[in-house]
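Take a look at the structure set out below.
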């Protein structure tokens, strides 16, 4: 990389040398001020000389600040032929940058000239000027705070002069003291000082934007003397001197030699090494005293000590704290009260287990190194037999048969505590009653009782884990000195969810009462497990579940309720809350052939526990049931269709719009009146001739005219008669015509006969012949013949029925009676027509 950089620089220098006339000699930059306030505007101009013949006649001058091109340059040609570009930077926000005047040369910018711009602030006034006279170096050291950063090279100078007064009159000047770069302190040597005479001192700060001076300080160098701290050490023990008292330290120090001729005072500070205690200040120490006994300290405790001094009573400065000295105080005999309790073994009553607890009588009761249980035999003055020496809070020993009392003491290197007598007596006092216990929180138990009569002097309370973890060696006990107490809150060695045995014994003068015990849980636990679910019965949409409740557990809170949860395959959850006495539950509303996950939660006031998950699937519907359901559905659909059809058929206003009422001769009931072929010959009634034709109507065939019964404006159309008659074909109905019939749409006339009569009025019947152009049903039919009334052959009375006068002009009777070319009509009565 270094070689590559050197080659690049070499090529750049070579290219510049090869440029014609050297472009760098063509331009020159001038600025309004190279150093300005940060954020102030600055104006610069660049002039290109006329003798740069290798440039364009009108070169474009560009400006660049650092690496960024700056727009806004104003370019013009001067009278002497030179090109000038002027730019104004409104805000110079760079503390240091290069402004360049450039031209486009090829594909790159060629710098014609550049100038360095600086921006910053004028120096602030130096403050907190202070000076100290160091006797070790014999120099006056002054220091100050320079103020905020100026971003410009700033020089500081410590100036001073001598003065015989209060520095109002300036005397001889003292050589300026210039600190090193970056330092804010300076030393004036002793040769430039005049001791015991005032001098004026100040600091001057200067940079390119201005100058500032600190307030003047007037002082005597000896008034600002700072001494060096003395050397602190412990006092050597002397055979004649008494040993130091407990909690005391004997100290001495060696003063600083150059300051022996200066009057001074000192002070001491100390703190214990253990913990995070703060310094405690002791002083001032006695004048001209080089040793001191420091008391009131904790015994058998390590301390850290330091000392410092100051010129006194004249002005001066405190010295620094001396190096630390570590000392340990002496011990004191334990000052404690020992609360004792004892228990005899059942198998060996002379084996006694003694317990005790030290109770400090003072804030500093002394360190305890161990305990001694001793017995003084009667009749042996001064003889003490130790029974037990231990550092524990209990001891098991064999009690001599004649011993009824032992002594217990605590000891350390400084001595022993006051002996505590322990009297072994039988339980002859009254017992307390109604002992009870309850948990206050997971880490405490409240034990209460009713005191006996007379009041005891105190109580001994023991507690420890109950069965099956009971152990006499792990019991905790304490003594309650208040004989009128009715309860006590146990906080020591209490853990949650544990069964504890609590024993309370009343203490009397020279005796004690019988012990009473009670069991209690520090905190009841939630059920350890929930009952297991079992499937009893299951159907398509239901499932019957059952479970066996768990038996009550010691230390477990009683159940308050059950909650059963079931979840389907779509992860939809359902739940139901049941009483604690429930033994089963039926799930309803299940989906057939569906998978469900079910679990039971047993809850109490202490918490809840879930059972294992039971997975079941409901039954699938059988095939017969499915067929029944489909059959019922089909029957219902059929009934619906039938009802709809009947409704449409029975309602004329619904039927007529769907299809027209066009008669069908082939399926008409008229066809049943006359057989299709008559085997017998037609006979005529004797004595009767051809009935006269009373009226003939000729109908012309016209497709554009409506049928006669559909026309409402024809004068020939009238209402239907009260009695409908029949048409009779005159002639032999079996005769077959050999004449071909014209096709439909011709002008051939078809003759119709109309028989008019009335059942109520006797008289001869009337025939009505009509000419019709209506097309026949058959393609080719024989020509119409005369009509013969066959009614006379079937009439039992042999009389003719005459038509009603109002029916003589009727020729059209509706769509059911207008059938062309009927072979024969046999009237069997009016009842047949009534069915129409």
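Residue numbers in this text run from 1 along the chain shown.
The backbone N, Cα and C atoms fix where each Cβ goes, and this holds for glycine too.
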Q.
For the candidates 6, 128, I need the one that Swiss-Prot annotates as N-linked glycosylation site.
A. 128
Q) Which candidate in 93, 713 appears in Swiss-Prot with the annotation N-linked glycosylation site? A) 93
(Q) Between 318-322, 323-327, 328-332, 333-337, I'd like to know which one Swiss-Prot lists as motif 'WSXWS motif'. (A) 318-322
Q: Would you mind reading off the Cα separation of residue 610 (N-linked glycosylation site) from residue 134 (N-linked glycosylation site), to the nearest angstrom?
A: 82
Q. In this predicted model, what is the average pLDDT of the topological domain 'Extracellular' (25-627)?
A. 86
(Q) Cβ atoms within 10 Å, counted per site: which of 51, 93, 128, 579, 610 has the most, among these glycosylation sites? (A) 610
Q. C-alpha of residue 51 (N-linked glycosylation site) to C-alpha of residue 93 (N-linked glycosylation site): distance in Å?
A. 36
Q: Give the sequence-ordered list of residues that share a chain with residue 474 (N-linked glycosylation site), lie 6 or more positions from it, and have CB atoms under 8 Å from its CB.
A: 464, 465
Q) In the structure shown, with every protein chain counted, which of the glycosylation sites 134, 389 has the densest set of Cβ atoms within 10 angstroms of its Cβ? A) 134
(Q) Check the DSSP secondary structure of residue 51 (N-linked glycosylation site), expressed as helix, strand or coil. (A) coil
Q) When DSSP states are grouped into helix, strand and coil, how many residues of the domain 'Fibronectin type-III 1' (125-230) land in each? A) 7 helix, 51 strand, 48 coil
**Q.** Rounded distance in angstrom between the Cα atoms of residue 128 (N-linked glycosylation site) and residue 389 (N-linked glycosylation site)
**A.** 67
